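Copied over from Swiss-Prot:
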- 39-60: compositional bias 'Basic and acidic residues' (COMPBIAS)
- 876-885: compositional bias 'Basic and acidic residues' (COMPBIAS)
- 930-947: compositional bias 'Acidic residues' (COMPBIAS)
- 975-992: compositional bias 'Acidic residues' (COMPBIAS)
- 1727-1756: domain 'IQ' (DOMAIN)
- ASN214: N-linked glycosylation site (CARBOHYD)
- ASN288: N-linked glycosylation site (CARBOHYD)
- ASN291: N-linked glycosylation site (CARBOHYD)
- ASN297: N-linked glycosylation site (CARBOHYD)
- ASN303: N-linked glycosylation site (CARBOHYD)
- ASN315: N-linked glycosylation site (CARBOHYD)
- ASN321: N-linked glycosylation site (CARBOHYD)
- ASN333: N-linked glycosylation site (CARBOHYD)
- ASN362: N-linked glycosylation site (CARBOHYD)
- ASN1191: N-linked glycosylation site (CARBOHYD)
- ASN1205: N-linked glycosylation site (CARBOHYD)
- 39-63: region 'Disordered' (REGION)
- 493-530: region 'Disordered' (REGION)
- 863-885: region 'Disordered' (REGION)
- 930-992: region 'Disordered' (REGION)
- 1778-1836: region 'Disordered' (REGION)
- TYR407: site 'Important for inhibition by tetrodotoxin' (SITE)
- 1-131: topological domain 'Cytoplasmic' (TOPO_DOM)
- 151-157: topological domain 'Extracellular' (TOPO_DOM)
- 179-192: topological domain 'Cytoplasmic' (TOPO_DOM)
- 211-216: topological domain 'Extracellular' (TOPO_DOM)
- 417-423: topological domain 'Extracellular' (TOPO_DOM)
- 445-578: topological domain 'Cytoplasmic' (TOPO_DOM)
- 598-608: topological domain 'Extracellular' (TOPO_DOM)
- 629-642: topological domain 'Cytoplasmic' (TOPO_DOM)
- 683-698: topological domain 'Cytoplasmic' (TOPO_DOM)
- 718-746: topological domain 'Extracellular' (TOPO_DOM)
- 798-1032: topological domain 'Cytoplasmic' (TOPO_DOM)
- 1051-1063: topological domain 'Extracellular' (TOPO_DOM)
- 1083-1096: topological domain 'Cytoplasmic' (TOPO_DOM)
- 1116-1123: topological domain 'Extracellular' (TOPO_DOM)
- 1143-1159: topological domain 'Cytoplasmic' (TOPO_DOM)
- 1180-1230: topological domain 'Extracellular' (TOPO_DOM)
- 1253-1269: topological domain 'Extracellular' (TOPO_DOM)
- 1292-1354: topological domain 'Cytoplasmic' (TOPO_DOM)
- 1403-1414: topological domain 'Cytoplasmic' (TOPO_DOM)
- 1433-1445: topological domain 'Extracellular' (TOPO_DOM)
- 1463-1481: topological domain 'Cytoplasmic' (TOPO_DOM)
- 1500-1521: topological domain 'Extracellular' (TOPO_DOM)
- 1545-1574: topological domain 'Extracellular' (TOPO_DOM)
- 1598-1836: topological domain 'Cytoplasmic' (TOPO_DOM)
- 132-150: transmembrane segment (TRANSMEM)
- 158-178: transmembrane segment (TRANSMEM)
- 699-717: transmembrane segment (TRANSMEM)
- 779-797: transmembrane segment (TRANSMEM)
- 1064-1082: transmembrane segment (TRANSMEM)
- 1097-1115: transmembrane segment (TRANSMEM)
- 1124-1142: transmembrane segment (TRANSMEM)
- 1355-1372: transmembrane segment (TRANSMEM)
- 1384-1402: transmembrane segment (TRANSMEM)
- 1415-1432: transmembrane segment (TRANSMEM)
- 1446-1462: transmembrane segment (TRANSMEM)
- 1575-1597: transmembrane segment (TRANSMEM)
Amino acid sequence: MARPSLCTLVPLGPECLRPFTRESLAAIEQRAVEEEARLQRNKQMEIEEPERKPRSDLEAGKNLPMIYGDPPPEVIGIPLEDLDPYYSNKKTFIVLNKGKAIFRFSATPALYLLSPFSVVRRGAIKVLIHALFSMFIMITILTNCVFMTMSDPPPWSKNVEYTFTGIYTFESLIKILARGFCVDDFTFLRDPWNWLDFSVIMMAYLTEFVDLGNISALRTFRVLRALKTITVIPGLKTIVGALIQSVKKLSDVMILTVFCLSVFALVGLQLFMGNLRQKCVRWPPPFNDTNTTWYSNDTWYGNDTWYGNEMWYGNDSWYANDTWNSHASWATNDTFDWDAYISDEGNFYFLEGSNDALLCGNSSDAGHCPEGYECIKTGRNPNYGYTSYDTFSWAFLALFRLMTQDYWENLFQLTLRAAGKTYMIFFVVIIFLGSFYLINLILAVVAMAYAEQNEATLAEDKEKEEEFQQMLEKFKKHQEELEKAKAAQALEGGEADGDPAHGKDCNGSLDTSQGEKGAPRQSSSGDSGISDAMEELEEAHQKCPPWWYKCAHKVLIWNCCAPWLKFKNIIHLIVMDPFVDLGITICIVLNTLFMAMEHYPMTEHFDNVLTVGNLVFTGIFTAEMVLKLIAMDPYEYFQQGWNIFDSIIVTLSLVELGLANVQGLSVLRSFRLLRVFKLAKSWPTLNMLIKIIGNSVGALGNLTLVLAIIVFIFAVVGMQLFGKSYKECVCKIALDCNLPRWHMHDFFHSFLIVFRILCGEWIETMWDCMEVAGQAMCLTVFLMVMVIGNLVVLNLFLALLLSSFSADSLAASDEDGEMNNLQIAIGRIKLGIGFAKAFLLGLLHGKILSPKDIMLSLGEADGAGEAGEAGETAPEDEKKEPPEEDLKKDNHILNHMGLADGPPSSLELDHLNFINNPYLTIQVPIASEESDLEMPTEEETDTFSEPEDSKKPPQPLYDGNSSVCSTADYKPPEEDPEEQAEENPEGEQPEECFTEACVQRWPCLYVDISQGRGKKWWTLRRACFKIVEHNWFETFIVFMILLSSGALAFEDIYIEQRRVIRTILEYADKVFTYIFIMEMLLKWVAYGFKVYFTNAWCWLDFLIVDVSIISLVANWLGYSELGPIKSLRTLRALRPLRALSRFEGMRVVVNALLGAIPSIMNVLLVCLIFWLIFSIMGVNLFAGKFYYCINTTTSERFDISEVNNKSECESLMHTGQVRWLNVKVNYDNVGLGYLSLLQVATFKGWMDIMYAAVDSREKEEQPQYEVNLYMYLYFVIFIIFGSFFTLNLFIGVIIDNFNQQKKKLGGKDIFMTEEQKKYYNAMKKLGSKKPQKPIPRPQNKIQGMVYDLVTKQAFDITIMILICLNMVTMMVETDNQSQLKVDILYNINMIFIIIFTGECVLKMLALRQYYFTVGWNIFDFVVVILSIVGLALSDLIQKYFVSPTLFRVIRLARIGRVLRLIRGAKGIRTLLFALMMSLPALFNIGLLLFLVMFIYSIFGMSNFAYVKKESGIDDMFNFETFGNSIICLFEITTSAGWDGLLNPILNSGPPDCDPNLENPGTSVKGDCGNPSIGICFFCSYIIISFLIVVNMYIAIILENFNVATEESSEPLGEDDFEMFYETWEKFDPDATQFIAYSRLSDFVDTLQEPLRIAKPNKIKLITLDLPMVPGDKIHCLDILFALTKEVLGDSGEMDALKQTMEEKFMAANPSKVSYEPITTTLKRKHEEVCAIKIQRAYRRHLLQRSMKQASYMYRHSHDGSGDDAPEKEGLLANTMSKMYGHENGNSSSPSPEEKGEAGDAGPTMGLMPISPSDTAWPPAPPPGQTVRPGVKESLV
């Protein structure tokens, strides 16, 4: 066994690789026997074995570690002994292939026939491990995949199929021969990936030989072959591992999701059952027998057409189905069939372009029908009948769709139209709780699983690196020793013959023949072997072979002659100058601008300018590259990534110039756009984000591959399963019976559908699929893609991005404070400007300053912009980052030097560091005159001397705690509390009105407050200060703000009709304005201008009041109708913003957001740059190509055969019915390109853009259906990079930023107010409950029996089962159920109500008043009461109030019962606990979101109230009233449907809309929108709500999920303590807090894991050393501490935990009994053992004495003489003489007993009386307690 162990300790090269022979096998068997014997011995001696694990670097599939060197060719491909010590006694061997990959095999005979030494098996192994074999299999799989993508395979493909099956069978055969089938480890079926192969092959044979009916379904199994690629590509297995891990972890979330969705679905079922079938049906004409007359303004013609009322109120035409035929099935001459009439679709009201009839409702706030139509429940549900709440399953699907937010705006609008706007609440709850919370929980879980997986791999890599370092150290030491030995030998003059490292088993000679060619191989000397080994190791870390470096030095470094070198140096000086960099950067920006200026239509002149510009820029960049090549030599030039990047782009630009006129290569122009990325060189954020994307691309590369495989598999599955159906049943989904755009008939379209599902849009394509191919199959496939692809893989994608975002990556972006060339150049320019300024000022003042003086004065005034040079002159080691306080001081100095109004820029900070950074050593001459810096004002000195925690940054914007304008918590910033108390006994005082600089400039501002007017003024200011500081004043102002905001909500389109309200509002507006002016003036007087205008919140108030003042003045002057004034009035919508500073919750969030704004803006800019590239590319590809010719009457496009281009269309225009029209959102310029990209990235409105792109031909040509099909790929690529990447970067940046802010606050939550933090901590402490008194068992016998029943666990379980059954009965309800079913369900419900009422009554009976002390019981009670009330009321409501809504809401109470299930499930409780912990923060963000919605809806009402009703805007969803606006904005919060709302607003004039249209009831004219305002409105709202607020929501959930899981994954959670206390209650019913020592064993055995110590536990309890009080009692806390210590182990944190537990307990139990422990369990045991020892010793002593006495008595009785008796008196003597002696005590004649004793030859010799049971002392050990010898010895 020595050999392998030595090898693994110091594996010096390939000698460790020994062939596997029969001897090796025998040795293994021998070792296995020895090991078994050793284990048996250890088991008997109870020695615990440390668990052994296989070495991770020697796992099968990994490459042979470098430390083994290169294996010699003779060991490749043959069985070798296993290197891993773990397998030293297991029958395995390894084989290496040429790539040094390890394959591990079982050494048992394969298939019971082939031993490892058989020729067949060795041959199979050689084939299996060969690289060509796996390559061949890989190629086969890929070819097979190509064949699978054929939609109509040719006849010969069958033979190809057989070939593939044959190859796969051959592969499996080889594997089985080489590995064995399934008996041992490392055999064929022990690898789960092989199960895949096996099942695929079996399926192939099954489908071939057995007729199984639906073949296509089974043939789809072949697709799984694509998964085999995963086994061949190494990185993929890790990702798949992470995927599988995350799926395991998702189980709890999945259960919670399904549970929540079920509850919501039940709610939906109760509320909206049957609602979506309510349609507008034309009211039928009255019939009589002879003639049919229609009593109305219109006439009914027997056989002809009915001219219906086509106009509905609104400005749009709604097309009804106009032709009625009296011979329809429902009308005969004598009867009228009502059912047939209302189910005839001809009588429904359809909107133009809609497949479904218009829905309506009967409640007041639901949708209404046009005149002549009635709302009747009939026909099928919308969307082929698949969108409904009629049964539980459809409701569940609808809610799942709502949760994944796919096309949910449609569901939202349908539901609100049918049921009423009040039900928006239902959607709000589900979107926020269901959608945001659950979906992000999935993200949180996946992210966590990935992070864990990642940590594991990182740890492994680190280990390897360390191992490598150790090996190098060993080699070096070894080499040193050898050299020493050599030196010693040389001194001795002797030569060592042979190998100095001879005794070693694995000597270090490595095969270096593959290194440098021609190097002789000297393996004879160990010395050279080791140095070779070191070289090899070093080389392994180098990228290229050595000859490559030699060659590169010769060819790529150009140093030929001296003049050339001189020239080179000059060029180097020029090219490397910072100004050149600045110039190049400006050129890049200009070039980008030039490219962005392209548009359609463009004049020829403009086009020429752009072309010339492009040539110039190409020239500049080419020149830069050539000069750099000369200056740096290619060798140096190509060492830098940026230069390589430059050279590629320049080359592409030149190629593009050459190919400029070739058709179809316009895309090459887009490569020029990559120049934009050169900005990253000097733009840290862009640089960092590119790095982050780079970092994640490695892992993402693998993930993308997995995603691609998944997409491929599902695309093929879809095509195989549904392709035919799409072709055959196409008429069900398309009126013209042509395949729609989204189908699965061929692979490309199938791929697009799967990709669309990954983007989160699955429901619409699924409806089509269900219509053509049946529901079950489509649901299965689509939901699988959705769950696997979208929820898991895409979340893993996000998790990867988030993981590459760590604070380090952000921090590192500054490159350790070095300045880049750009900053140096700008610094120089600033310096130059400053120099010129100072020189001119000197001239003006008549002083000519020397340059030195100028420099000096600059140094004082603005930090001598020589930061760059300063940095260079400082010694390297002193370029440290300045500490934070210095930066804070810098801020103050900046503010007082009048340099900065706002946070100093990095540059200014650099200059400042230069001035007062103690870490820079620069000699500065002494200043000649005093400067600001030397005489800090009073305020500054204060600030410097303030303690750390009271320092406030100078910019109040970021100031989370104090805001003057919310005076509730105003504190004057400067003074220390102590000073304040001394100076100012009456409390706080106002500050100076003006800053000192102002007073110095204008001395008249100085007021003496000690006398005269000044004193009065001071008194007035103090009075104002008191008023303003008063709480009531603040409350009053808040109330006014709320009222004035509320007043804005009334100004809708009906305001002109409501005269009274209008008048009231006008007056109110004036009153509010006066009040706010008054408040502002008071604050000016109280605080002074200095304080007021240095506070950001006050500025906000000031600006908002200004708006009111201006509109007030305009009203007085009669200019209120002026355009600018009107638009100013819309700014009143900002009034609610004033509430921000007053509500602490919102202010906290806003402060957090403001802190994040810089980084958010940075990322936004980077994203815009990213998108700019796609936008310009879009302009290149699509500008002017989206126009089409349309027939305006039928809204149909002309076919390409009728109209081919713009001129043909214009020739038809004289008919008046034709227009040459553009798609509203297009790529005609970069701005519109951005809008298009935003719609694509949010997946809203992207279909129209994509269709237009795919149909586009050339500029001014009529589009043709899918003529440009592969343009889909532009969108696919953009979605991957522009949407997945950039939008997720936002989440990353925001989360990262909040984490950094938290760090600064010392880990406190940044989204919660102090009050809410208390709630949060209370939630966390839920577990620290005191032991409650258990509810005492009642005395009454019957009550007692009930009590026993109710407290049994079985009772609880039964109730849970009943709740589940009740849930099932609720799910069974459907719309239109038969009367029988209604009655049955009613009765079942009655039974359940009786059961639950019974349970409630039983519990009340048993638990008496204690019933209401448990929260869940109260909940149960409420539910029962509501159920009973519901039963009673349902009849009343149906009889007297015909309000189905009320009735339905009451029925919801039953669903409450389902929630009781939560009690039982621990995993779900954790997740809900995370939600509960997030609530306060989420509430704050919700408030902020509501504020934003409020402001935007007011703004929307004033701008878009009258736009034309089309696409997304109709009679219910519009901006006419406040309620409608809020509904629309809620919809857009998730970015749903914003394209529909934007469309009508983009109508800017006729013929799209009519600017002179009269709007009845108001004086406003026209129904046109304002495109620019509309675009700004929607884009800003989407960015604010979707990107910021929603992402903050995500950040908080991720955070709290981590906290909650940490709580639950810790070995001990609050639940465990709760369980401890629950068990305690049973053992300590009187809550004395003590338990008898005798019951301790039972108590710890009754606990649940992890605290439980199972019986036999006596010894364990003794070793716990628990303190005991008199009466042998133990306190509950002591037991808890001991058990906790047992679980967590003894650590430093333990004491802290103990202290907190004690504090919690003391707080919870003020009555804690004071106790003084007198002993401990361990001491008690010691005492017992000692007592037993003493007893035994004493017994022995007694025994000896009785022996002596006995022998004396014996002798005495025999010979009568002898010495004195040893025991003359005492117990022993008396007893013995009583029993054996004479009456007188020393009689010489023996008694008969004694004779008997003597006669008995037994050994007892009269010792019987001294048995322990007879002696009163010492006491016997307690019965039943046997003391084990081992314990006795150890304890004493």
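Using the three backbone atoms N, Cα and C, a Cβ is placed for every residue, glycine included.
Spatially, the transmembrane segment (132-150) is not adjacent to the transmembrane segment (1384-1402); fewer than three Cβ-Cβ distances between them are under 8 Å for residues at least 6 apart in sequence. For the domain 'IQ' (1727-1756), the number of residues in each DSSP class (helix H, G, I; strand E, B; coil) is 30 helix, 0 strand, 0 coil. Rounded to a whole number, the C-alpha distance linking ASN1191 (N-linked glycosylation site) with TYR407 (site 'Important for inhibition by tetrodotoxin') is 30 angstrom. Below 8 A, the CB atoms of the transmembrane segment (699-717) and the transmembrane segment (779-797) form 3+ pairs separated by six or more positions in the chain. Sequence-distant contacts (6 or more apart, same chain, Cβ under 8 Å) of ASN362 (N-linked glycosylation site) comprise GLN278, CYS375. ASN1205 (N-linked glycosylation site) has a Cβ environment of 17 other Cβ atoms inside 10 Å. When each of the recorded positions TYR407, ASN1191 is scored by how many other Cβ atoms sit within 10 Å of its Cβ, ASN1191 comes out lowest.
Residues 1335, 1338, 1343, 1346-1347, 1349-1351, 1420-1421 of the same chain lie 6 or more positions beyond the ends of the topological domain 'Cytoplasmic' (1403-1414) yet place their CB under 8 Å from a CB of it.
Here the Cα atom of TYR407 (site 'Important for inhibition by tetrodotoxin') is found 35 Å from that of ASN1205 (N-linked glycosylation site). Beyond its flanks by at least six residues, the topological domain 'Cytoplasmic' (629-642) meets 552-553, 556-559, 567-568, 571-572, 574-576, 678, 681 of its own chain at Cβ-Cβ distances under 8 Å. Assigned with DSSP, the residues of the topological domain 'Cytoplasmic' (1292-1354) fall into helix, strand and coil as follows: 40 helix, 0 strand, 23 coil. Nonlocal intrachain contacts for the topological domain 'Extracellular' (151-157), taken as residues 6+ away from its ends with a CB within less than 8 angstroms of a stretch CB, comprise 719, 723, 745-747.
DSSP assigns ASN1191 (N-linked glycosylation site) to a strand.
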